[in-house]
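Student: So Swiss-Prot lists the following for this protein:
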TRANSIT   1-29  transit peptide
TRANSMEM  39-68  transmembrane segment
DOMAIN    92-188  domain 'Rieske'
BINDING   CYS134, HIS136, CYS152, HIS155  [2Fe-2S] cluster binding site
DISULFID  CYS139-CYS154  disulfide bond
Amino acid sequence: MAMLSSRRVAAPAKASAIRRSRVMPVVRAAAASSEVPDMNKRNIMNLILAGGAGLPITTLALGYGAFFVPPSSGGGGGGQAAKDALGNDIKAGEWLKTHLAGDRSLSQGLKGDPTYLIVTADSTIEKYGLNAVCTHLGCVVPWVAAENKFKCPCHGSQYNAEGKVVRGPAPLSLALAHCDVAESGLVTFSTWTETDFRTGLEPWWA
């Protein structure tokens, strides 16, 4: 009798162990499957973030890419033809149709540097252009028409409407370039080697 009862006790224990062993894999499988949506969401978010981050980079690249195209061969009068944002040679007549008196807009100048073309009060092309590269650390300085000055967004340097430095840390004024209109109508730049009319000093860039 004692042996029989021990067999009866052992049987339920063995059955219970079998049931536990069958249940455990199911629990693990459920846990694993519950992680799948999280991973999918994470991957989707990564793609969205990567795509979103690429937009401003692409925009900036398109905006400044025009200033890295090879310079034009020249304007026929010894100068180098100025180019617009699309890389086309600038013709004074066409430019003045869309750029009014007092306008200062970027073009591609000597050595491919971004250079401001200036429209005078009587709606002609100014006799000089301004290199837009800040003399502090080389940022491109935007023209702020509302304040009638150039203001560097990198470290706060400021230049007046003629490109003369009026606030540091930039140590020097923006470089000048001669700007002329050739007989063909092309706007051309050439190196400024004379005295800087803004400071009365020799040009630091020559």
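Cβ coordinates come from backbone N, Cα and C, glycine included.
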Student: Residues with Cβ closer than 8 Å to the Cβ of CYS134 ([2Fe-2S] cluster binding site), same chain and 6+ apart in sequence?
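Tutor: Within the chain, CYS134 ([2Fe-2S] cluster binding site) has Cβ neighbours under 8 Å at VAL140, VAL141, CYS152, CYS154, HIS155, SER157, ALA170, LEU174.
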Student: Given the recorded positions CYS152, CYS154, and counting only Cβ atoms in the protein chains shown, which has the most within 10 Å of its Cβ?
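Tutor: Of the recorded positions CYS152, CYS154, the highest Cβ count within 10 Å belongs to CYS152.
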Student: Check the binding-site residues HIS136, HIS155 for other C-beta atoms within 10 angstroms of each C-beta and report the one with the most.
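Tutor: Max Cβ neighbours within 10 Å, all protein chains included: HIS136.
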Student: Other than CYS134, HIS136, CYS152, HIS155, which residues of the same chain sit close to [2Fe-2S] cluster? List them in sequence order, counting a residue when its Cβ is within 8 Å of the Cβ centroid of the site.
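Tutor: In sequence order, the nearby non-listed residues are THR135, LEU137, GLY138, CYS139, VAL141, CYS154, GLY156, SER157, PRO169, ALA170.
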Student: Under DSSP, the domain 'Rieske' (92-188) has how many residues in helix, strand and coil?
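Tutor: Residue counts in helix, strand and coil order: 13 helix, 37 strand, 47 coil.
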Student: For the domain 'Rieske' (92-188), what's the mean pLDDT in this predicted model?
Tutor: 97
Student: Please list residues from the chain of CYS139 (disulfide bond) whose Cβ is under 8 angstroms from its Cβ, counting only those at least six apart in sequence.
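Tutor: Listed in sequence order, they are VAL133, CYS152, PRO153, CYS154, HIS155.
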